[in-house]
Amino acid sequence: GIPICGETCTIGTCNTPGCTCSWPVCTRD
């Protein structure tokens with residue numbers, strides 16, 4: 001859904017629970 005994680009995932013992983021990597025940023029559904 002809305003990309004409100006405020007995290008980047010240039011190495012391919014996200015630390016924020018519920019967020020997935022949509023390179024180069026983390027997003028929620």
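Residue positions begin at 1 at the first shown residue.
Positions of Cβ are set from backbone N, Cα and C atoms, glycine also.
The feature disulfide bond is assigned by Swiss-Prot to C5-C19 (among others). Cβ neighbour count for C19 (disulfide bond) (all protein chains, 10 Å cutoff from its Cβ): 20.
Taken from Swiss-Prot, the feature disulfide bond covers C9-C21 (among others). Under the three-state DSSP scheme, C21 (disulfide bond) falls in the strand class. The 10 Å shell around the Cβ of C21 (disulfide bond) contains 17 further Cβ atoms across the protein chains shown.
Classification of C14 (disulfide bond) by DSSP places it in coil, neither helical nor stranded. Annotation comment: Swiss-Prot describes C14-C26 (among others) as disulfide bond, evidence class sequence analysis.
Over all protein chains present, the Cβ of C9 (disulfide bond) has 19 other Cβ atoms lying within 10 Å. Cβ neighbour count for C26 (disulfide bond) (all protein chains, 10 Å cutoff from its Cβ): 21. Between C21 (disulfide bond) and C14 (disulfide bond), the C-alpha separation comes to 6 Å.
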